[in-house]
Amino acid sequence: DKAPLSKSLLLVPSAISILLTLLFQHYQKFFAYNLQAVKEDFQIWRLVCGRTICLDLKDTFCSSLLIYNFRIFERRYGSRKFSSFLLGTWMLSALFDLLLVEITQYIFGITINSLPSGFLAPVFALFVPFYSSIPRVQVTQVLGHFSITNKSLVYILGLQLLTSGSYIWILALSGLISGICYNSSILKVHRILCVPRWVAKLFSWTLEPVFSSAEPTNEVRVGMGATVDIQRQQRMELLDRQIMMSQVAQLRRQRQQQGGMINWNRLFPPLRHRHNANYQDHRPSEQGIPPPTEVSEEQVARLMEMGFSRGDALEALRASNNDLNVATNFLLQH
């Protein structure tokens, strides 16, 4: 639901990878990420084919599970911004791959002619916003000292993918560097490497109806998720959506009764500040509400790129104390 790009990345590359492994082995050579052929024979097309389809089913399985978990970013930011992040990190990581291979050869004397194939670097790049913006909720403890959180399974999958090949650490490192560059807006990369609006509309008219899904009417029953952690994450997303919608209704009632502006931050506290695992309502008193702060023009621009008006973006950022994630969540649900 609300993640057609994630579904397409989950289904299409996985299907092609399975077909190449089981039925069309003689075509696998066209999808090999051969750096020697790129540098010596100028086969630039390998930077596209070799960095799209996995030739190892273990990599296909792990990357598919990670994309399934990272679908939350498409729901939060929209398909256009999510695709812009994937496109930007995919292009940046191609450059970092070549640089890291040259650095490895210069320092350690190791010649690397090929790297693992697949859409791996952007998947590792998604760990950057996952670490910085997804709240950490403790689920249980092991041996009384080691905490198991809702993010533990994703990190374990990333570690499994990292150890699946000999030189996959180069893809992981280039992906993380690309994710940091794109997420931190270094040199305004997010404005240069982005999907144009007309391209996003074209794909929304043609491909989105194929991969879109209807919104579920009931909560997912136990057993539908692949693991208990995925089931718990699904319930948390559903609960957070219900809380958000109830708070929107409360906000509208208060505005109709009292009129004027209401501080959204009092009704929409940031998710990372919800320390109660049972999601009880801990609203601060009105005396503790901080005064409005100045709004960052860069964050206003990022919200406007998502399609919101400047007035709504300014109001949301002021009410959320310049917390971009909270402001985005409210504007998406409003």
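Heads up, the Cβ atoms here are built off N, Cα and C, so glycines get one too.
Features of the protein shown, as given by TrEMBL:
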type: DOMAIN; residues: 294-334; note: domain 'UBA'
type: TRANSMEM; residues: 6-24; note: transmembrane segment
type: TRANSMEM; residues: 85-108; note: transmembrane segment
type: TRANSMEM; residues: 114-132; note: transmembrane segment
type: TRANSMEM; residues: 153-177; note: transmembrane segment
Just give the helix, strand and coil counts over the domain 'UBA' (294-334), going by DSSP. 29 helix, 0 strand, 12 coil
Would the transmembrane segment (153-177) count as touching the transmembrane segment (85-108), if touching means at least three Cβ pairs under 8 Å and pairs must be 6 or more apart in sequence? yes
For the transmembrane segment (6-24), the distant same-chain contacts (Cβ-Cβ under 8 Å, at least six residues beyond its ends) come to 31, 52-55, 57, 60, 64, 67-68, 70-71, 74, 82, 86, 118-119, 207, 211, 213
Near the transmembrane segment (114-132), which residues from the same chain, at least 6 beyond its ends, have a CB less than 8 A from one of its CBs? 9, 13, 17, 31-36, 50-56, 59-60, 63, 66-67, 70, 73, 85-86, 89-90, 93-94, 96-97, 101, 151, 154, 158, 161, 164-165, 167-168, 170-172, 174-176, 178-180, 182-183
Residues of the same chain, at least six outside the transmembrane segment (85-108), with any C-beta under 8 angstroms of its C-beta? 5, 9, 35, 38-39, 47, 51, 73, 77, 115, 119, 121-122, 125-126, 129, 170-171, 173-175, 177-179, 181-183, 189-190, 193-195
Any idea what the model's mean pLDDT is for the domain 'UBA' (294-334)? 77
